[in-house]
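Novice: Sending over a structure as structure tokens; questions will come in a sec.
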Amino acid sequence: MLAVLFSAAWGYWLNHGRHGGNVVDFRAVYYGARTAINHHDPYSVQEFLQVYRQEGGTVPAEPARMRGFMGAVPICVNLPSTLLVVSPFAALGWAPALIIWMSLLTAGLAIAAWLILDLAGNRAPAFALTLACVILANCQNLMQIGNSSGVAVSLCIVGVWCFFKQRYKWLGIVCFALGLALKPTEVAPICLFLLLARGAFRRRAWQVSALALVLFAIGTVWVAQVSPHWFQEWRMNVAATSGRGELNDPGPTSFGNGGAGMIVSLQSLLSFFRDDPHFYNPAALLLAGGLLLVWCIITFRSHLNEEGRWLALASLAPLSLLPVYHRQYDTKLLLLCIPACAALWASGVTARKAAAAFCAIGIVLTCDISSAALIVTSKGLHLSQDHLAGKFAAAFMTRSPVFGLLLVSGFSLGAYIQHARLARAKALERTDPELEMVSLAS
């Protein structure tokens with residue numbers, strides 16, 4: 001709790017002490033839903049700004065802040081399901097909605113961490129608690145901008161806890177479906193795990209998917225009434241914010257990818273070496289997609305025990321952030337890695353403890369404070385990028401969260417593959433004596 005309150009206080013100071021009330025991501029989704037409630041098109045910049053100004057919203061006067069505001073707030077890239085989930089907040093005034101949202105964001109992360117520690121159990125409790133505190137103490141950017149990722153991750157973890165503990169299943173289904181509707185790209189891979197894990201988990205996946213589809217349908221029908229061509233407008237907005245040098249461009253020329261909250265997908269790292277979307281987009285999909293395919297095959301073929309399920313989640317959480325657009329605040333999903341890391345650390349086997357240690361280092365590299373410190377240090381070093389070694393060093397210091405995700409992905413996936421191999425070997429050992437008995441009996 002102290003760790004997440006530290007992040008909340010720092011985020012509040014960043015908002016009011018330096019920049020005067022950013023909360024740009026919550027501002028974008030709140031006023032997007034507010035625009036739809038007022039029977040205007042949330043995907044039209046003109047109509048969005050019309051409602052925004054009528055509701056008392058202000059546009060920054062400084063050119064630098066104006067560019068950031070125009071790229072992040074009025075160009076709506078949220079899906080109708082996201083606007084639907086946020087609509088109860090948008091029905092309130094801005095001030096009470098902001099207070100409730102930020103309180104929910106803070107409390108949700110604290111509850112999520114507590115549930116994860118409960119799932120980790122008595123396996124290396126000090127190690128698990130340290131990892132949880134490290135993640136929660138590095139939510140400054142998330143708190144500064146009020147992104148819905150924190151709420152979606154919290155809802156997802158509540159669902160995971162309910163399903164693993166086999167308690168309050170309908171609470172788990174509702175929370176998971178709300179998280180899926182709020183942040184589909186972040187929560188959908190975890191739903192895929194449930195689908196591949198068989199048994200009761202597969203039933204929960206279908207139930208979650210059914211409820212999420214209902215929310216998607218309701219949101220689409222609602223938004224289509226004021227924006228009949230919302231999908232085309234949404235695609236245009238996504239393209240506008242992803243153009244060369246724009247807010248969501250993963251390349252080094254982007255004005256939104258050089259500091260806190262940077263893009264952590266693999267494109268962000270690959271573009272450092274060759275800033276060409278025709279290179280880094282296919283390369284990222286090939287590399288990360290290939291690893292995800294390996295993960296899917298192993299999960300589909302394996303009958304997972306508890307440790308196997310946690311290793312599956314620990315490798316999926318970072319892998320799912322690499323192939324497509326995600327930002328640094330999305331790495332709070334790595335809370336799902338903690339039970340597996342604790343199990344590896346508690347095993348007493350040197351190789352497994354080393355894997356847990358490297359995963360912990362990877363988690364630290366994704367953190368706000370460590371990445372900011374490395375960026376500041378790199379500016380003082382004036383690293384030459386004329387040679388590959390210098391470029392690689394500069395890439396590590398300015399894109400450390402991507403390296404962190406690769407580190408966690410690599411070692412957790414390796415541990416998962418080894419676990420699946422040993423489990424399969426034990427299953428064969430149990431099967432062979434049974435076959436011999438059948439042969440003798442015949």
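Heads up, the Cβ atoms here are built off N, Cα and C, so glycines get one too.
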Novice: Among the residue ranges 127-145, 146-164, 336-354, I'd like the one that TrEMBL describes as transmembrane segment.
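Specialist: Checked against TrEMBL: transmembrane segment maps to 146-164.
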Novice: To the transmembrane segment (98-117), which of 69-91, 146-164, 356-376 is linked by the most Cβ pairs under 8 Å?
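Specialist: Maximum Cβ contact count belongs to 146-164.
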Novice: Need a quick answer: max count of Cβ pairs under 8 Å to the transmembrane segment (170-196), which of 146-164, 208-227, 279-298, 396-417 is it?
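Specialist: Answer is 146-164, with the largest number of Cβ pairs below 8 Å.
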Novice: When each of 69-91, 146-164, 208-227, 356-376, 396-417 is checked against the transmembrane segment (279-298) for Cβ pairs under 8 Å, which one has the most?
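Specialist: By the under-8 Å Cβ criterion, the transmembrane segment (279-298) pairs most with 396-417.
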Novice: Same chain, outside the transmembrane segment (208-227) by at least 6, Cβ under 8 Å from its Cβ: which residues?
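Specialist: For the transmembrane segment (208-227), the far contacts come to 36, 39-44, 79-85, 159, 173-174, 176-178, 180-181, 191, 194-195, 233.
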